[in-house]
Ligand code: HEC
Ligand SMILES: [Cu+2]
């Protein structure tokens with residue numbers, strides 16, 4: 001018959017193990033690499049984990065042996081001066097150096113690879129850290145902005161991408177754990193980095209430098225797709241907003257310009273040219289709203305417009321009071337911006 005004890009032991013060991021392992025995969029995990037840089041980082045991380053664990057076990061074992069001996073043989077003779085010295089040289093100098101030097105060297109060499117300058121003709125994307133969202137510009141070979149979007153970065157797989165990282169406010173940090181390491185976004189400075197996505201997929205990027213109230217909800221989606229899909233997407237993003245087909249959408253465009261939205265938001269191809277908030281020209285083509293905080297569905301969109309402070313307290317978008325009719329038209333307009 002099983003005793004209570006034999007039943008609990010597997011649970012006690014198994015549960016933490018399962019929760020530990022679940023951190024090894026997913027759309028925001030540096031242990032589930034889908035890009036060359038993330039692969040290098042993971043390749044360094046695993047040996048570090050193994051060696052650091054062994055060192056911890058070794059140190060704790062020595063400590064326990066010492067404590068045990070001290071209690072058991074109170075009268076035991078202390079080590080001779082020579083033995084003590086050898087112990088310090090071996091355990092205090094040789095062992096730590098032989099562990100840390102190889103790691104320092106490989107970390108340095110990986111760092112050099114990670115921050116190697118991208119090729120001159122690489123596709124260039126400018127990302128600006130905002131409070132608390134991401135402005136994204138695609139540049140042509142001459143550095144002109146050809147398409148602007150927000151909170152969703154698309155890249156073709158297998159191609160080296162040059163990123164120009166900026167901020168016009170506080171320090172943010174650009175990080176897509178599955179693809180690359182963190183790079184800070186500093187006001188008054190352009191940090192250049194590069195990345196390659198190896199596998200198509202949708203990953204989650206996260207601001208990695210505390211930047212104020214909504215830092216935790218400053219995320220974005222990183223969409224790696226085939227070169228054909230990417231070219232099609234970019235071509236579409238370059239276009240101005242679609243022509244409106246329903247009377248309700250036309251009415252919604254009026255609501256948009258009469259309710260102050262246009263002062264903060266740009267919709268290319270219309271009068272709206274505000275700069276404070278995300279470009280909404282192709283809002284309906286995005287998967288999420290408000291820096292990957294809520295899914296881009298009509299209910300969430302309505303909730304966001306009437307009360308953004310509920311979804312992201314202290315966010316820089318004010319609430320807007322609208323009649324139900326106006327809200328419906330506005331939602332129908334925004335929903336048409338594919
Ligand atoms: C004072 C400036 C301001 C005004 C006015 C304003 N917004 Fe915004 N809006 C913002 C900012 C800033 C954000 C980004 C908030 C965040 O994610 O933290 C935003 C985000 C959004 C988003 C999410 C976009 C995305 O890519 O996720 C939508 C949609 C939106 N606003 C629609 C509207 C509509 C519709 C109105 C008018 C009823 C409006 N906004 C009025 C500043 C403004
Ligand atoms: Cu930030």
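Glycine residues also receive a Cβ, built from the backbone N, Cα and C atoms like all the rest.
Automatic, uncurated: that is what TrEMBL annotation is.
According to TrEMBL, the feature domain 'Cytochrome oxidase subunit II copper A binding' maps to 120-236.
Averaged over the domain 'Cytochrome c' (247-338), the predicted model reaches a pLDDT of 95. The domain 'Cytochrome c' feature in TrEMBL is assigned to 247-338.
According to TrEMBL, the feature transmembrane segment maps to 48-67 (among others). Sequence-distant neighbours of the transmembrane segment (48-67) (same chain, 6+ residues past either end, Cβ-Cβ under 8 Å): 91, 99, 103.
For 87-105 (among others), the entry in TrEMBL reads transmembrane segment.
Non-local neighbours of the transmembrane segment (87-105) in the same chain are 44, 47-48, 51, 55, 62, 79; each lies 6+ residues outside the stretch with a CB under 8 Å from one of its CB atoms.
Each residue in the domain 'Cytochrome oxidase subunit II copper A binding' (120-236) gets a DSSP state, and the totals come to 13 helix, 57 strand, 47 coil.
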